[in-house]
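Input: a single structure, listed below in structure tokens.
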């Protein structure tokens, strides 16, 4: 059998990671009336081509204000294979279609019945791909020699006054062994992703023609990339890894669609680990053995920047490479509060190495070390919602810390992030403090110790030797900086002091200091001696003078 190009063009789109879509040029709809709305067919065609359609369809039937001359014009204007749709009854129409070099022709099995098979063969003889349309499973008996079958989700005998149901595709697709296309009633990306679970390609006309911005909508659907479909079906480690590496290459619309789809679907340890590996792969630096303290955020408590305060305090004991960013969905990110504390946040690898050598502290500003994700970062800011990057941020520190404290905002994330870090071979303590992504001074805190395996523990404020106290809200990075500075100077609020102290104690626990009460005492001694205030001043001065 000859290779006619129509099916192969659709298969090629799938191989390139795109959704295989036939975009229909449709002049009129029995329900919606004029679909051109003053636009030229040439403009519609250019929009389809530019947006990534794999093939073009045109209806020559008079009921849709189509004609044969326009078909000839379309074939001459595009390099994409063109499908002619009409109520074909005889061989003469096949010959006419071949004369204008259309690539494919629709044959409706319900109308042709027993003649369908001979018309399929006649199309092949004339170098045309026959696309046999079926609506009921009973129609399939007439399509046995077809290489490609279109499932029409509407009843063709009722024209378009049957609204159609994409469930038709789901019901009969498995009975078809040929290349499968679903058409009619596909009005959204969600509809497309649904039918693509059952078929190889989709034909869309009315939804494209009625879109406010046809090119943008077609681009989202055609180029919305198979990866969105993969996300909604579910990713494994390898697919999540490839997704993370591919994401920066997409345009903003597709990036937003992928991130939104990930949030809608949800993700577990394998996806978190694979995605984190893909993000971190291009950003590795060598600055020695360090620790990191980082939270995923999202706990809605709006507390001071605890992990940043702990990172500074911890640098009096062990080298710390704090990985962080500006706020995306919260009031104050680690970069924001460090800047408010007078610390230079943009340190390249050389400066970071010097800072570690001279102060035991360096800040690794995420945008500086993940430059390939700059467009992704812009999309995240515009979206204004939490994404998988919030969860994977602590796992993508370019310094590859030997041990980490990671705070998460839910018990589910505690389990999944701990498993993810185990999959990546990391050593860490993951904490969830009853609604906080920190150790909670007023309630229980669940922790997962990751060191080869994962061990679960539960801590109470009394385990640290402190009285329970509430967590005070914070309204800005400036306020957070003032309150951290006050604690380090021994003049801060007791609630802030206890909050930082127990999280510092847990960080020491991750380093092997097992007595939590003693760890709190170490913090208090450092406050009272002025060591923490001096350390903050040293970090700020060194960072700005380099």
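Heads up, the Cβ atoms here are built off N, Cα and C, so glycines get one too.
What Swiss-Prot records for 295, 298-299, 303, 305-308, 322-330, 334 is 5-phospho-alpha-D-ribose 1-diphosphate binding site. Annotation source Swiss-Prot lists anthranilate 1 binding site at 295, 325, citing sequence analysis. Per Swiss-Prot, the feature Mg(2+) 1 binding site maps to 307, 438; the stated evidence is sequence analysis. The annotation anthranilate 2 binding site is assigned in Swiss-Prot to 380 on the grounds of sequence analysis. Annotation source Swiss-Prot lists Mg(2+) 2 binding site at 437, 438, citing sequence analysis. Here Swiss-Prot flags 1-226 as region 'Indole-3-glycerol phosphate synthase'. The feature region 'Anthranilate phosphoribosyltransferase' is assigned by Swiss-Prot to 227-546.
Positions of Swiss-Prot features highlighted on the structure.
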residue: 295; record: 5-phospho-alpha-D-ribose 1-diphosphate binding site; contacts (Cβ under 8 Å, 6+ apart): 306, 307, 394, 406, 407, 408, 409, 437, 438
residue: 303; record: 5-phospho-alpha-D-ribose 1-diphosphate binding site; contacts (Cβ under 8 Å, 6+ apart): 436, 438, 471, 472, 473, 474, 499
residue: 323; record: 5-phospho-alpha-D-ribose 1-diphosphate binding site; contacts (Cβ under 8 Å, 6+ apart): 292, 294, 364, 366, 369, 393, 394, 396, 397, 398, 399
residue: 325; record: anthranilate 1 binding site; contacts (Cβ under 8 Å, 6+ apart): 333, 334, 335, 365, 366, 367, 393
residue: 326; record: 5-phospho-alpha-D-ribose 1-diphosphate binding site; contacts (Cβ under 8 Å, 6+ apart): 333, 335, 336
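Around the Cβ of the residue listed as 'anthranilate 2 binding site', 21 further Cβ atoms fall within 10 Å across all displayed protein chains.
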